[in-house]
Amino acid sequence: MSSFFSDSPTHPANLICELCRLFYNNGWVTGTGGGISIRDVDGPNPNIVYIAPSGIQKERLQPREMFVAELPGKILRSPNDDSDGQPLSPDLAKSFRYKPSACTPLFLSCYNMRDAGACIHTHSQNAVMATLLFEDKVEFSMSHIEQIKALPHLQVDSDTGKVQKVGSMQFYDTMVLPIIDNTPHEEDLTDSLQEAIKNYPGATAVLVRRHGIYVWGETVWKAKVYNEAIDYLLELAIKMHQAGIPLVKK
């Protein structure tokens, strides 16, 4: 097996496959949409990032189908390198060639700008609907909901200029997520995503209008928790809006 892979269930390539199956069952990465990447924070080189490829059924993904990059953005390994000219999955046509996820530059932005340990991109219907209900807004806000406490309280360190977690958000806090407009090609979202990350240091996610959401965290498990918590809050927000209940309590 390549030095980039391991049989350990906690290895990033194996975790991506596990999470893709889970997210598929949640309806977040259907039809080959969405993507996951994990930085090998506990490995010998914490700058190594594993990224799920483009155009693959996420629930059928295999570890060796991952692309491997090194921050700030060099591709070290392609699944085409080990395929002998044929795909690694019997699901794919023999002429299939693996392509890096179109999310790759956006994932790398989260790692380079926020020192993230994992970045998740889903096509959650709750995320899409929330951006449609508030189509005239450039940010999504919500307060006084218990689930907000699952999200990190982030601040800019005055000495380093880096965004750091200083605790967890509290019940009375207001969650604010930036909303950026979608583009015809995923990679064209990169500049808007980077601007949102810069302008919203307290956010751990960016909504993409009529598209989905990008969520990151300091570890893969934190990113998973943040993604689940935000999706819960977005689903609740849709119901509150339909019932005429303000999302931010005065």
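A Cβ is built for glycine as well, from the same backbone N, Cα and C atoms used for every other residue.
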One of His153, His185, His211 listed by Swiss-Prot as binding Zn(2+) at the site of His121, His123: His211
Count of other CB atoms lying within 10 Å of the CB belonging to His121 (Zn(2+) binding site): 30
Proximal but sequence-remote residues of the same chain as His123 (Zn(2+) binding site) (Cβ under 8 Å, at least 6 apart): Trp28, Val29, Thr30, Gly33, Gly34, His211, Gly212
Residue, out of the recorded positions Cys103, Glu146, His211, whose Cβ gathers the largest set of other Cβ atoms within 10 Å: Cys103
Non-site residues, in chain order, whose CB comes within 8 A of the mean position of the CB atoms of His121, His123, His211 at Zn(2+): Gly33, Gly34, Thr122, Ser124, Ala127, Val128, Val208, Gly212, Ile213, Tyr214
Collapsed DSSP category at His121 (Zn(2+) binding site): strand
